[in-house]
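Colleague: Sharing a structure, written as C-alpha cells. Questions coming.
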Amino acid sequence: MSQTRGRYDFCIGLVLAMSSSIFIGGSFILKKKGLLRLARKGSMRAGQGGHAYLKEWLWWAGLLSMGAGEVANFAAYAFAPATLVTPLGALSVLVSAILSSFFLNEKLNLHGKIGCLLSILGSTVMVIHAPQEEEVETLNEMSHKLGDPGFVVFATLVVIVSLILIFVVGPRHGQTNILVYITICSVIGALSVSCVKGLGIAIKELFAGKPVLKHPLSWILLLSLIVCVSTQINYLNRALDIFNTSIVTPIYYVIFTTSVLTCSAILFKEWQHMAADDIIGTFSGFLTIIVGIFLLHAFKDVNFTLANLPLSLRKDDRAANGTLLSTYDCFNHDEESSACEIQSTESLSARRNGSLSAF
C-alpha cells in the first residue's frame, strides 16, 4: 500500500513540476513584454531601480503566471523530493527560449536549439538517478533538520553572500555583470525551497487535523518565504530588464539548481546512501545541462542554421583543397559573397605589394 502511495505521489509531483515549468517559462516572456512597453514610454526602468512596472498589466499577467507556476512548484515539493522537482525546471528554459523567438524576436539559432535539447536530456538523466531524501513527515522532524549545524552554517553563508551582493557588489556592477542579480535570486532561492518544503509538510499535517498553526516554525517558514520570494522577484526583474531573456533564464536555472541541490543535500543528507552509478549519473546529467546552457548562451549571436550547414561544408572542403573561388561563383552565389570579398581584398593587396602570387 505504501509503495503504491509512493508511486502516486511521484506521478503527482512530476505532473505538477512540468506544469510549473510551463507557467514560469511563459511568465518570463510576459514580464519582458511589459518591461519593453514601459521602456518605449520613457518610464524609469526596473534596472535603474524604478517600479513603474507595477502599473503595467502585462507585467502583472507575467506575475500571475509565475505565481501559478510557483503554486504548482510548491505543491510538487510537497509530493516529491527536491532533487526530482528542481531539475525539471530546465523545461522552463525550453519554453522561454521558444516563446522568446516568437514574441520577443530573440532568434534561437541551431546552437540554442541543441542547447535546449541537451538541457532536457540532462534533466531526464538527473531525474532517473536522483538521490532519495530522508523522509520528513512532521514539523518537529523538520525543525530538527533545520537546526543541524551543517545547515545553519550553509544558511548563514547564503545570507552573508546575499547581503554583500545586494549592498556592495550590486550598486557597482549590477548594470554590467549579468551574474550579480541572478546570483542573488539563485542563492536566496535555495532557502525559499527549504521553506516551501517545510510549509508543504505543515499543510499535510493541517489536513490531518494537527495543530499546525500553533507551531512557531510554521510562521517562521511563512515569513521567511515571503522575504525570499520578494527579494527574488525584485532582482529577477532587474536582470530581465537589463539583459536578454534567453540569457537570463538558462543562467538562472544553472545557478539556482546548483544552490537547491547543495541545500537539499545538506538539509536531508540524501547523498549518503547513494550508489556509485547514481552519483555518476546525477553529475553527468547536471554537466550535460551546463553544456546545453553554454551552447544556448555563448553562441546566441551566431547566425547559424541547418540551411547554412551544407554551405559551410563546401567552404571547408575548398579551403582544405587550397582552391580559390571562381569569378562565376562570385557572381552567381550570393551566399559566398563575403568569401569573394575577402579573396578580392587579398588580391588587391598582393598587387599593391608588387607580388604576382595573386595571379
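Including glycine, each Cβ sits where the backbone N, Cα and C put it.
Keep in mind that TrEMBL annotations are predicted by a computer and have not been checked by a curator.
TrEMBL lists 12-30, 57-79, 85-104, 111-130, 150-171, 178-203, 215-235, 247-267, 279-299 with the feature transmembrane segment.
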Colleague: Same-chain Cβ contacts of the transmembrane segment (247-267) under 8 Å, 6 or more residues past its ends?
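Modeller: Counting only partners 6 or more residues beyond its ends, the transmembrane segment (247-267) has Cβ contacts under 8 Å with 25, 28, 81-83, 86-87, 89-90, 92-93, 96-97, 115, 119, 131, 133, 145-146, 148, 150-151, 154, 158, 178-179, 182-183, 185-187, 189-191, 193-194, 236, 239-240, 286, 289-290, 292-293, 296-297, 300.
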Colleague: The transmembrane segment (178-203): which same-chain residues, six or more beyond its ends, come within Cβ distance under 8 Å?
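Modeller: For the transmembrane segment (178-203), the sequence-distant neighbours (Cβ-Cβ under 8 Å, at least 6 residues beyond its ends) are 73-75, 77-79, 82, 86, 136-139, 142, 146, 155, 158, 161-162, 165-166, 169-170, 212, 215, 217-218, 221-222, 224-225, 228-229, 231-232, 235-236, 238-239, 242-243, 247-248, 251-252, 255-256, 258-260, 262-264, 267.
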Colleague: Looking only at the recorded stretches 57-79, 85-104, 111-130, 215-235, which one has the largest tally of CB-CB distances under 8 Å to the transmembrane segment (150-171)?
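Modeller: Of the candidates 57-79, 85-104, 111-130, 215-235, 215-235 scores highest.
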Colleague: Given a Cβ distance threshold of under 8 angstroms, which distant residues of the chain, six or more beyond its ends, lie next to the transmembrane segment (215-235)?
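Modeller: For the transmembrane segment (215-235), the sequence-distant neighbours (Cβ-Cβ under 8 Å, at least 6 residues beyond its ends) are 63, 70, 139, 142-143, 146, 162, 166, 170, 181-182, 184-185, 188-189, 191-192, 195-196, 198-199, 202.
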